[in-house]
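First the structure, then my questions, so here it is.
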Amino acid sequence: LSLSCPLSRSLSLSSAPPLSPAPLSLSRPISLSPPPTTSHPLSLPPPLSFSLSCLSLSLSLFLDIWDVNMLQRPDEVNTPQHSTHLYASDHLIVRRGQEFQLKVTFDRPYKPSDDQFAVEFIIGGSPQFSKGTYIPVSVAKDRQSPWAGRVVDSTDNVVTVGITPAPDCIVGKWRTYVAVVTPYGIRRTRRDESRDLYVLFNPWATGDSVFLDDDDEREECVLNEVGVIYHGAYDDVSERPWNFGQFDYGVLDACLFIMDKAAMPITNRGDAIKVARKASAMLNSHDDDGVLVGNWSGDYTYGVAPTSWTGSTEILLNYSSSKTPVCYAQCWVYAAVFNTFLRCLGIPARVVTNFYSAHDNDGNLKTDVILDENGRIDKHRTKDSIWNYHCWNECYMSRPDLPQGFGGWQAVDATPQETSDGMYRCGPASVQAIKHGQICFPFDAPFVFAEVNSDVVFYSRNPRDGTLEPVKVNSRHVGRMVVTKVPGQDARHDITDQYKFPEGSPEERTVLEKAEEYGCHREKATPLEADVELDMPLMEVRVGDDFELKLKFNNTSDQARTVDMYVSGNVVYYTGVTSSEFLFKTPRVILDPKKAEKQVMEVRSQDYMRKLVEQANLHFIATGKVKETGQIITSMRVVTLHTPKLSVEVSGLAKVSEEMMVTVEFTNPFKFNLEDVYVRVEGPGVMPPKYKHYSLITAGSSLTWTEGFTPRRAGPTMLMASLDCAALRQVYGQAQLTVKP
């Protein structure tokens with residue numbers, strides 16, 4: 001039976017959930033059907049016999065819904081309480097496990113004894129109550145719901161409803177309806193996109209799997225939009241700012257699109273473990289047309305050089321609009337954009353940098369360096385590489401799938417290195433499990449363990465039969481230092497002790513034995529230490545400078561020693577892969593008993609400048625053979641050439657909606673021209689990403705770029721800029737400002 005009857009212009013009457021988003025006409029048929037099954041939360045009495053005029057009269061006795069106010073404005077109750085006031089969005093954004101409020105205006109005062117209504121929330125294309133994708137929330141105490149509901153206030157015709165999403169509910173964009181139960185069906189609001197609701201993870205709620213009980217770390221790892229990426233060498237650390245931009249307009253939708261693109265089941269999107277693991281695969285373009293295309297070749301003709309990006313916003317918005325991977329990324333870009341994704345959805349996250357990170361070691365704990373019979377490195381047979389640094393992420397969550405104690409910080413990595421379960425992804429791996437050698441637990445703990453615990457083993461190759469004999473083991477080089485940003489400060493936090501025990505300690509030996517039980521093999525041989533010590537001291541060098549390479553020898557024996565040395569200087573990518581050799585020396589050093597000696601070698605800029613590749617890393621390795629004992633001595637040094645800085649200055653009244661200006665200045669200090677130069681600038685809450693192209697900056701000349709911007713919100717923030725071209729990478733600058741309301 002279907003009868004037509006005019007209804008309120010914004011309402012429909014039906015007995016089933018609103019599965020179709022199609023717009024409704026001003027007049028919609030009233031559908032009278034048998035009662036839904038008992039699994040339907042809004043049960044109705046059997047249909048009655050009536051006439052059309054009787055129906056119209058009867059409906060007037062029941063509540064009619066005039067308005068639904070989601071209270072989404074930043075100055076209203078919800079967003080400040082849920083710490084979502086920074087999101088640039090027209091919709092209400094809340095965190096699960098915590099009450100939010102909305103106001104429903106009826107045509108008359110609400111009577112709890114006579115009236116029945118519910119607020120319905122729907123996500124996905126085929127909502128079902130049993131799968132948690134259709135959630136009806138009743139304010140009646142005798143009606144149970146996965147989400148709690150109550151009447152906070154009822155004044156005149158307006159009812160304020162408090163709703164608490166379950167702390168494990170699905171994270172994403174929910175559609176909202178209000179339904180009134182009548183004997184003739186359910187009177188329900190029409191589909192209105194302005195009432196859509198975003199529900200996020202909640203590190204403030206004790207019942208949420210991502211609960212983090214530390215105010216400073218929550219503030220940093222969820223709400224801070226500006227981060228620091230650490231790079232360079234462990235004893236000469238460089239840093240650059242990054243705009244995570246997790247609150248920028250469109251970024252939240254882009255993050256949800258990533259899960260849609262991955263065809264991630266809606267029902268899995270409330271599980272932080274599954275979300276982080278899926279995202280670690282989707283942030284790279286291998287396998288699944290994910291967000292970023294990796295490129296370590298140095299040729300970025302068809303995209304943006306990884307060193308040129310200043311933030312995540314442009315990358316995520318480009319991906320969500322084009323539906324195709326963005327070019328290009330290297331490890332810190334993957335980590336930074338992954339950090340944006342996690343923080344945007346409410347999962348506490350931070351970028352970490354591991355200095356001297358072992359890679360491609362096939363699950364063993366060795367990085368092999370092959371020497372010929374004279375102690376010179378055999379570059380053709382040495383295949384393993386050690387990255388000068390590698391960035392990944394940590395996210396904070398409980399791990400109910402692991403034994404107690406392995407929750408907390410989890411390592412996740414989106415840089416495509418090795419496959420895991422058939423896809424390029426890594427983690428989440430418990431940092432506690434890694435530290436204690438419990439690498440049998442999911443996910444990918446052996447790989448991360450090896451990145452921070454591998455030994456560098458030097459082998460001497462017998463030219464007659466090709467056999468390899470270990471002649472030196474360096475157990476301290478890999479995983480030299482793991483760092484992240486200090487919460488609330490622009491300072492570096494050394495977290496190496498969270499990944500491993502001190503080198504040489506009894507605890508470390510126990511951990512390595514435990515890891516070996518799970519299949520990680522290491523070199524057992526312990527070659528005698530040479531009685532000649534070799535060291536290359538730290539050097540701070542600017543791009544284009546001549547400098548001195550110093551080798552310090554110390555003879556600890558009572559006899560004279562003669563050392564035949566091989567010293568090689570190479571331009572390398574930060575992944576440790578050699579681009580070209582620019583220096584090779586073979587000095588013979590004679591050492592008196594119990595004496596120290598210093599050798600100095602001149603390094604000229606004209607030798608390395610024309611061979612430089614991105615990030616301007618020089619790698620020096622010295623190996624030598626002691627003539628009297630046959631012992632091998634080695635030393636390695638990475639020199640990160642320091643680049644000039646950008647000048648970034650702001651002018652104008654720092655006030656919301658008042659135009660300001662930013663000026664970026666740079667002077668080319670070199671004797672050569674810079675060609676095809678890109679300058680980028682952006683700032684969270686104040687300036688969207690912008691860039692400018694310069695075809696040529698001649699030697700000694702300067703550029704000045706002034707751009708206007710209008711702050712959209714108050715508070716402290718930062719403008720950050722980069723300059724990038726093939727001849728000069730990693731040139732950055734920044735300016736702090738505080739915007740007044």
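Even glycines carry a Cβ here, placed using N, Cα and C.
Quick paste from TrEMBL:
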ACT_SITE  CYS331  active site
ACT_SITE  HIS390  active site
ACT_SITE  ASP413  active site
BINDING   ASN453, ASP455, GLU503, GLU508  Ca(2+) binding site
DOMAIN    323-416  domain 'Transglutaminase-like'
REGION    1-21  region 'Disordered'
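Help me understand the surroundings of these features in the structure.
Less than 8 angstroms from the CB of CYS331 (active site) sit TRP387, HIS390, CYS391, TRP392, THR415, each of them six or more residues away in the same chain.
Other C-beta atoms found within 10 angstroms of the C-beta of ASN453 (Ca(2+) binding site) number 25, with every protein chain shown included.
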Please list, in sequence order, every residue of the chain apart from ASN453, ASP455, GLU503, GLU508 whose Cβ lies within 8 Å of the Cβ centroid of the Ca(2+) site.
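Counting only non-site residues, the set is SER475, ARG476, VAL478, GLY479, LYS500, GLY504, LEU512.
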If you count the other Cβ atoms within 10 Å of each Cβ, which of the recorded positions ASP413, ASP455, GLU503, GLU508 comes out on top?
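Counting every other Cβ within 10 Å of each candidate, the maximum falls on ASP413.
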Measuring Cα to Cα, how far is ASN453 (Ca(2+) binding site) from ASP413 (active site) in Å?
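Rounded to the nearest whole number, the Cα-Cα distance is 17 Å.
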For ASP413 (active site), identify the closest of the binding-site residues ASP455, GLU503, GLU508, judging by Cα separation.
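Closest recorded candidate to ASP413 (active site) by Cα: ASP455.
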Note down the number of other Cβ atoms within 10 Å of the Cβ of HIS390 (active site), including every protein chain shown.
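Taking every protein chain into account, the count is 28.
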